[in-house]
Amino acid sequence: MSEKIYPVTKPVKARALIDKEKYLKWYEESVENPDKFWGKHGKRIDWFKPYTKVKNTSFTGKVSIKWFEDGQTNVSYNCIDRHLKTNGDQVAIIWEGDNPYIDKKVTYNELYEHVCRMANVLKKHGVKKGDRVTIYMPMIPEAAYAMLACARIGAVHSVVFGGFSPEALAGRIVDCESTFVITCDEGLRGGKPVPLKDNTDTAIHIAARQHVHVSKVLVVRRTGGKTGWAPGRDLWHHQEIATVKPECPPVKMKAEDPLFILYTSGSTGKPKGVLHTTGGYLVYAAMTHEYVFDYHDGDVYWCTADVGWVTGHSYIVYGPLANCATTLMFEGVPNFPDQGRFWEVIDKHKVNIFYTAPTAIRSLMGAGDDFVTRSSRSSLRLLGTVGEPINPEAWEWYYNVVGDKRCPVIDTWWQTETGGHMITPLPGAIDLKPGSATVPFFGIKPELVDNEGKVLEGAADGNLCITDSWPGQMRTVYGDHDRFIQTYFSTYKGKYFTGDGCRRDADGYYWITGRVDDVLNVSGHRLGTAEVESALVSHNLVSEAAVVGYPHPIKGQGIYCYVTLMAGHEGTDTLRQDLVKHVRAEIGPIAAPDKIQFAPGLPKTRSGKIMRRILRKIAEDDFGALGDTSTLADPAVVDDLIANRQNKATA
């Protein structure tokens, strides 16, 4: 583990919003007196009706989380209208297309008109407050307009990543009973079309079989590619917005009215609908965006995530726009036309703050320094990373080569469930250690506990819990509050359990060590092993499957599958390829297995439980100490798995 320390540099400290002294003072107040602290900082957004209650939360019993509950506000108003008087002509969104020669800029005045028109189209077709709208879009400005239009009229959006399959999309439509979908004829990624409208049509058929009927589909024209069309149901976005007014009053929303549902992987098969509400979420997204990235007026800020993930919600759309920032939306991929794309975009748009995932950093590091050094990158002031822990080697390369040793690397740990950054350095206050997410943000009380629930003090290695609520916290699992309590609050009573392992060093810095449950982190995206297993088992030749993660040089974690076939069938390379295709179709490319090992049997206890610990060790090519195997029903299975492992170290 790297123990190198990079102190805050003079230039960074000189312009920083928060220095060490202020961090310590604010942090102490935020945990000692959260009502006073958040009562003050809740005022960073505009309220139609000011709140008088700040925090009303309980992590025990029925678990209830409420912030600013008697206040009324509107997220779309805070992200657009309140900026118009003084900053209407400022650029809100810079859009950089998949094709490097195509881009556009959208000012706050233009954003207002686009969002109001889309909101009026939704209203015209019967969408009202509380209705769920599914958004299945590529990274184009209309995706942000759709989110903000829903927020404007009080509809609850559920954004589904454009890389997910029709089956995955259908499952999310069914779970929240969404009857209105916003999509696009086709997306573009790396020069290749993505059939979003065709996928949507397939998903709607699947949903209908489960008695959820989508009544309208609003289709944005992106490529002009051929798609199916259902008259009466399907609507062209460009035709619809021409028929409505360019203004739409924002609906007064209670702070605890739902804002969005975002599905995330759980350790059981069915994805969970993480529910975020209006007031607390926006306060937290905006505040973390400002202080973690040390955002100053006039900065150009670029987060490379997709709006289909929480990072896109909090740090492309809501946080930046609430702060009247200029946020860059990128439709493309890091290696198209070549591996220099990120650095060219930074030069082209004079980007000051750049936020990306360790997977992208590792892959670009592998492409060599020349792609980076042929660009100037002189506009860069701060680098951020998100999605998974960054290994010290990649951190050093990012700092030394991309940032020319002058930009702090802000390694942010947080989750879909947390709404915003939880453990992160503040650039002007915290010395950096490569590989460490460093220290908690204001109001966050981390605690390490062992497997028995004993609280660990000082330098320790354990399970990461948070002991008190913060405004950005998810409120429930949509439609299943018991699952919310069970998943997050039952393992360690009265504490929010993150599902991550963590080490705290002697300086009090936190190092995230990865998931401790059956959830994989592949390229910064969460995937439940159970989801991949059920996709494999749905293939007619597969009798049983077990999926584990293993260290992958680029993705962080790769997907290793043990597959037992139906009697009488042989495992072949053709079948292997077929299974990869099958999983891609069921879930999406993100879930494609890296290694498939055909196994006559899996290591099970006498009660029939699969011993995943053993499977993990074998997948990691580290089976010298498998631990206690005395409860195995058939120990010979293990020898066969070891002999046929797919991940043997090359001599």
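Cβ atoms here come from the backbone N, Cα and C positions, even for glycine.
Binding of CoA is attributed by Swiss-Prot to Arg189, Gly190, Gly191, Lys192, Thr311, Ser523, Arg584, and the same site annotation extends, among Asn323, Asn335, Asn352, Asn540, to Asn335. Same-site candidate for ATP binding, as annotated by Swiss-Prot with Gly387, Glu388, Pro389, Asp411, Thr412, Trp413, Trp414, Gln415, Thr416, Asp500, Arg526, chosen from Arg374, Arg483, Arg515: Arg515. Neighbour counts of Cβ atoms within 10 Å were compared for the binding-site residues Gly190, Gly191, Pro389, and the top value is held by Pro389. Ranked by Cα separation from Ser523 (CoA binding site), the binding-site residues Gly387, Thr412, Trp414, Thr416 are led by Gly387. Geometry remark: Lys609 (N6-acetyllysine) versus Val537 (Mg(2+) binding site), CA distance 17 Å.
Distance from the CA of His539 (Mg(2+) binding site) to the CA of Arg515 (ATP binding site) is 28 Å. Cα separation, Gly191 (CoA binding site) to His539 (Mg(2+) binding site), rounded: 31 Å.
Nearest in space to Thr412 (ATP binding site), taking C-alpha to C-alpha distance over the binding-site residues Gly190, Lys192, Asn335, Val537, His539, is Asn335.
A separation of roughly 30 Å, to the nearest angstrom, links the Cα atoms of Lys192 (CoA binding site) and Pro389 (ATP binding site).
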